[in-house]
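Student: I'd like to ask some things about the structure below.
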Amino acid sequence: MDEKIKQVEEQYLKTTLSAMNQSLTDTELEIKRTNKNISDVSKSWGDVRLKTDTYSGIVETAMSVRQQQQMLAERENSKSRAERRYEVLNKQIHNPYFARIDFSESVSESGEPETIYIGLGSFSDDDNRYFVYDWRAPVASIYYDGGIGPVEYLTPDGTQKANVTLKRQFQIEDGVIVTLFDTEEAIGDAMLMNALSGESSTKMKSIVTTIQKEQNKIIRNTSADLLFVQGAAGSGKTAAVLQRVAYLLYRYRGKLTSGQVVLFSPNQLFNDYIDQVLPELGEQNMIQMTFYQYASRRLPKMSVETLQERFELDHVNNRLALAKGSVDMFNAVTNYANSLTRQGMKFRSIMFRGEPFIAKERMAEIYYQYNENYKLSQRLDATRDTLMRMLSSRIGTEMRKDWVDLEIENLSKEEYDELVGAGRVRMGDNEENDAAAVTRRTQLGAGEQEREFSSEKAERKFLAKQITTRALKPLARQVRRASFLNINAQFIEFLHELPRFFDLAAYQLSEAEWQTHVEHVVANLKNHQMSLADTTLYLYLYDLMTGKHGERDIRFLFIDEVQDYTPFQLAFLKFSFPLAKFTVLGDLNQAIFTKDNAANLQEDLASLFDSERVDTVKLTQTYRSTQQITDFTKDILLGGQDIEAFNRNGEKPTVKIADNETELLNKLRQQLQQNAKDQDSTAIITKTLADAKLLAQQLADKNVTLIQSENQRLALGTIIVPSYLAKGLEFDAVVIWHADWTRYAAEDERRLLYTVASRAMHRLTLLAEKSVTPLLDHVGAERYEVEK
Ligand SMILES: Nc1ncnc2c1ncn2[C@@H]1O[C@H](COP(=O)(O)OP(=O)(O)OP(=O)(O)O)[C@@H](O)[C@H]1O
């Protein structure tokens, strides 16, 4: 690189850093100043004069307290703004920008090009001179989208044309330019290569400096209601989508908070893996959860099938699984619920002291007394109101009953005092002594008081009312929570009635087969156990019965590993987050739970949205693994043509074969030693949890961490992890344990083998007993080494 260019850039960096330093000093002063202001305001509390003798005095006091509070809040606010700015600047100053582009705004324009620098955040001085632009600013899109020459980029006001004359990339460390080079491509391969050759860690990193053109499309899409991202393992779906969250928070700043963005992730371990990316980009994390957490949280009394159970034990026949996970089934539930506006809602009597207080038959009469046009939610609200009124009107009769007399006679002194409110100290009376508390106490009058009754009869009446009201309280709660709806019975009835609403034959199911399955579901339900499919069905029915409208505050919803969701689950999520724009990421080749059933997922999902507002982006280039590993893993698949390896070289994958398990274990030990020597973090991936546990015992002498639950943390070094928990993660080196016919034989395990093998970044080893898995049948012999 020309020495002169270097000098110019060093000068610019110097100017930027000095402006940043100035701003840092100013901000520090501002923090100190607001700190002082805050302490001044706090001190001036003493000046608040308490005038509490007259009404106007109280009002005056309250106003003055209010004013002080407001002042304090404003100062605190500007303090936290300044503190945040200080924090950001402190980070920026080490690495203020990573790129420069020169461009003229109109393609035909021949004037002086504009120069902008792009960094993690924008920076301008007091005169509003922009030294650095945020990577999310519209104009920064040019950097990611193309090379030199004419480009277009989207601004909130429409498409803008520009002519790019220079693209320069920087690596700045601790305020010093380490490298800089000009490029004509979108993002120079050198920079990407540099990013990809590093070692893995237990935390994913942001890709802001090397976002690829296709990824940029995903990140900046604001028009689609459903953005479907389909891409091979390691093609940067997750990486792009996290940048997208950061982008959206910037694009809609002031209108969108991270609490309005939800990400559904494959497991908790993965949540832990990605939770540093947004903070690294200077944003707060969004809400992250798994579908299991979302569903099971709502059914605390049920034991909902876990990830492991779903993977290892849930083998209901495939036609059943397909039927239950279908959009047809979703529609069947909707239609069934609609039929309940006319008849068939199931109720539970509200019980009191062992007797029906309001019998279920009476409840049905009330529920169906409203006219036909009432929707389920309106019917429920009206029924609730009526039941509440019935409860209140029953207090009068109930309080004359014998049980009430008996309770009054048996009242202890404490219970009596409690009921009449004698000696009760009002909240806060003895706790605070600030101006607000004093004002409140003055307004409320004296705290402690004895209650006196005019006669014994009045006392009895008072007590009886208190006791009855207290006893009926749980019933009122039941009414409010609609627990008089018998959801379990309704769910079971729906299953039995299904043939009226669903074409079983379309899924090659006979009615007898279905009813047998229903018996099985009912038996499980009695033991408080539910499969994930049934849980979703149950919750949807429940929401329809109770007229829930979903969480309307959520604006963006992301689903990672969407191929492991059923169309039913997705339709349910659409129903539950009705105002959210969806971004879903998936790779049908990694469908390890839903297997072949995932084939029509994209169509099914798209059918839930306005077709005009569905966009699809396909990523074919993979970044995670070396060329050798990608070429090997894509051949495991039958249709892997769409996967392009990134040109990063490494060793070929190795298959190591042993005659028995003891020998296999020896080979594993040797491999671990080798990997440790090369400073690779290794994941030994087993098929099942049982395998992982056994192996952990066998390797007890080694420093290995067994990951057996998704609630654990990833550890550096060597880990043992069952296949279904390795989803979405990556490791320097991967060893597939028992890559032989004992674990990977059936055709439907092809995707599983691909999924686990594609976790490797630099080194992949398959350990097999006797012979390697037949699922390598399409992998050319030249793609891997064999060691016997
Ligand atoms: N533009 C990029 N620049 C640098 N690294 C990238 C880029 N895109 C992706 N990567 C890296 O490639 C690896 C794989 O990316 P990611 O995990 O997002 O892929 P994925 O498509 O979600 O994979 P999978 O389907 O296997 O979970 C990560 O280490 C990520 O940081």
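Glycine residues also receive a Cβ, built from the backbone N, Cα and C atoms like all the rest.
All TrEMBL annotations are machine predictions without curation.
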Student: Write down the single range among 65-92, 429-456 that appears in TrEMBL as coiled coil.
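Tutor: Range annotated as coiled coil by TrEMBL: 65-92.
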Student: Which of the three DSSP states, helix, strand or coil, fits Gly231 (ATP binding site)?
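Tutor: It is in a strand.
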Student: Running a distance check here. Ligand 1 versus the binding-site residues Ala232, Ser235, Gly236, Thr238: which have CB less than 6 Å from one of its atoms?
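Tutor: Checked binding-site residues vs ligand 1; flagged Ser235, Gly236, Thr238.
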Student: By Cβ count within 10 Å, point out the most packed of the binding-site residues listed: Gly231, Gly234, Gly236.
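Tutor: It comes out as Gly234.
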Student: Find, among the binding-site residues listed as Ala232, Ala233, the one whose Cβ has the highest number of other Cβ atoms within 10 Å in the structure shown.
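Tutor: Of the binding-site residues Ala232, Ala233, the highest Cβ count within 10 Å belongs to Ala232.
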Student: To test your reading of the ATP site: which residues beyond Gly231, Ala232, Ala233, Gly234, Ser235, Gly236, Lys237, Thr238, same chain only, put their Cβ within 8 Å of the Cβ centroid of those residues?
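Tutor: Near the ATP site, the remaining chain residues are Asp587, Leu619, Thr622, Tyr623, Arg624.
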Student: What are the sequence-distant neighbours of Thr238 (ATP binding site), meaning same chain, six or more residues apart, C-beta distance under 8 angstroms?
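Tutor: The list for Thr238 (ATP binding site) reads Met204, Ile274, Asp560, Leu585, Gly728, given in order along the sequence.
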